[in-house]
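K.L.:
Pasting a structure below so you can have a look.
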């Protein structure tokens, strides 16, 4: 109990520091030509790397204004009508920058563009690109803006972004790839809104997270036993955002984690403690850029919902407590997600050293899906949770296979 208590208070201290400052809202600019105009991090990276970029906005049914980025081509792969569409969705506390930050020849978004795809990058409500609502102010005290978990991202955000993407491109189906929470939210959408399965040509779950009872991450294992207390404390403090992006955190990451810093290896080990150790796959020079992208902000309820899943061993909706569960669900416990309703073809890409998506939990997910393409293990035995998006050799170990599967389902 003493060790758990110490860990919980340390985590609480991190949360309080992280929520002290709000994120800076990005400028929204649409461009299909390289430009020197200041832009959001994702768009800036894409322009820097010589690819074309557009910014698009969509409003969800419950009022959140989301930003998507489209990479329709590059000078070496011109824009043309009719390209097959690939939609990429980021993980928890992250953003669309995940799929471009590694640069040409390595980042999944660029590899897909180079392979002839029209690539769209989604952003979930609450991150640095999607901190707007038609009524609610994310920075106001006691705002309702943050009253969501990854359930709402799957139920509202993904359908809105997918519908917009298909309408804009004139397609009726697309390929989907998600990392971590980007897989969780997909399984929410496909199980609770099954009509969207027919809009998915293929789904590629990178480090899939649904069942969580066997994960090894010390952060989640320390946090989960105290989830109810932390939820109550945050509610009493009026704090609903978890680790927003802010200038102080970005500057600290740049100074402490740059190549010349004696603390760079400490920064690397913090990342390893989250998702597993794999030193050869982390580009340490890139750590300051990674910390400019993540943490990108999330609601406290997203973390709480994951902790509930770890504690219960089930993939089910948010637990509001006995009384509110009865009102909302008609039962004292939240319902499980009906995974048998997921009929889109799903490929589960996993690894042995993923501390957040344990092999046994991925196998449980596979057993409950009605149309799984299969289980595909990354051959590197040290491959961790973050390597799926940031690994130096992700193309060789993973992306070539993902693109090959997409081509097969065209």
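Think of each number as a place in line: the chain as shown, counted from 1.
Glycine is treated like the rest: Cβ placed from N, Cα and C.
These numbers come from a predicted model, not from an experiment.
Feature list, courtesy of TrEMBL:
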SIGNAL    1-22  signal peptide
DOMAIN    43-102  domain 'Partial AB-hydrolase lipase'
ACT_SITE  180  active site, nucleophile
ACT_SITE  354  active site, charge relay system
ACT_SITE  385  active site, charge relay system
K.L.:
Within 10 Å of the Cβ of residue 354 (active site, charge relay system), how many other Cβ atoms can be counted across all chains shown?
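P.N.:
So the number of other Cβ atoms within 10 Å of residue 354 (active site, charge relay system) is 28.
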K.L.:
To the nearest Å, how far is the Cα of residue 385 (active site, charge relay system) from the Cα of residue 354 (active site, charge relay system)?
P.N.:
5
K.L.:
Report, as a single number, how many Cβ atoms besides its own are within 10 Å of the Cβ of residue 180 (active site, nucleophile).
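P.N.:
Other Cβ atoms found within 10 Å: 28.
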K.L.:
Roughly how many angstrom lie between the C-alpha atoms of residue 354 (active site, charge relay system) and residue 180 (active site, nucleophile)?
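P.N.:
Computed Cα spacing between residue 354 (active site, charge relay system) and residue 180 (active site, nucleophile) is 11 Å.
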K.L.:
Let's see if you can do this one: DSSP helix, strand and coil counts over the domain 'Partial AB-hydrolase lipase' (43-102), in that order.
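P.N.:
Across the domain 'Partial AB-hydrolase lipase' (43-102), DSSP assigns the residues as follows: 10 helix, 21 strand, 29 coil.
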